[in-house]
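Reading through the structure tokens given below for one structure.
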Amino acid sequence: MASLTIISPCNSSSSSLSSSSSSLFAGSSLSHKTVGYNQSRSRTCASNSFKCNLPQPVDIGNGKPTVPIVNERTLPKFLESARMETSVNRNGGKLKVFSGTANPALSQEIAWYMGLELGKINIKRFADGEIYVQLQESVRGCDVYLVQSTCPPANENLMELLIMVDACRRASAKNITVVIPYFGYARADRKTQGRESIAAKLVANLITEAGANRVLACDLHSGQSMGYFDIPVDHVHCQSVILDYLASKTISSDDLVVVSPDVGGVARARSFAKKLSDAPLAIVDKRRHGHNVAEVMNLIGDVKGKVAVMVDDMIDTAGTIAKGAALLHQEGAREVYACCSHAVFSPPAIDRLSSGLFQEVIITNTLPVAEKNYFPAHSSLCGQSVG
């Protein structure tokens, strides 16, 4: 049975682990600072370390994930005072964070972690579908951060983002940073056939021309997309929090193999494997006959008797990763875990992921998981916010 685990990048991190799970990270180079909440098992972080806690998986009700709500009272006392001081300093420094409608829960979590309140903004849609945006507070001379994923419905959320940028520019914001946890058009980053568009470049131009001064994106489909922007781009990764969660599984490093579901993801999988005690790498070779249609051809590498961890930047229809998992089981893999940053989950992804091929599906909250995309109750769906 598969289970779905949602982990949260903005208040999660990776670290050196306690003896109970050190086998997974022997020789790893992780050295992130961590802040922990909740009262379950604890571990010790690497450089500049302090004690932090890793929450237990929460109870499951009707197949719906329940993520514990973090509030200030769950913080250690020394962190409470530090966060309050940070809050005062940043609010006085004219830094403002506004959220679009794509993923308000993530925006709220980011603002809380920074010690800020989300900026007041009015976003509504007219009867004909046009989008209206009005800032409800002054941003003159401020550094403004706009948090908006271009997740489904991609075009609606993209247009909303552009109008938010325009509103901030016309309100005399000093700097406008667009925070895009999921950049929806990143897959259209090159021409594979004649007379195709390169939509990733077009979207980059739209964001730049709207008035953004900087972009912060999370796990772009390919690094080359950064070059499409004529403004600075900060590219951050969710890899560390997924690694941190996997470490809690206490799987022996001798049993691990990291699998790339296609040739294009080899660099990502190799980087992931290097942090998992330099685990061996396997590659699924596939031939794609059309968009969202994949056919697995063969496996490069040995997975017999091992725990296979499949790593990708996103899961859309799950065709690629499901066929890859079926091949891994045929080749003798003991268990298969699926890890990705962006849970797009277009139909029939849920049917494929909950079919029994995966021990667990691990995702982050860069995209909101709609209720229709929860796993069936019999598939032991669980949600978890790590560290």
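Cβ atoms are placed via backbone N, Cα and C, with glycine included.
Annotation comment: TrEMBL describes 95-211 as domain 'Ribose-phosphate pyrophosphokinase N-terminal'.
Confidence annotation: the domain 'Phosphoribosyltransferase' (249-343) carries a mean pLDDT of 90 in the model. Under the heading domain 'Phosphoribosyltransferase', TrEMBL lists 249-343.
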Taking DSSP helix as H, G and I and strand as E and B, the domain 'Phosphoribosyltransferase' (249-343) has 28 helix, 41 strand, 26 coil
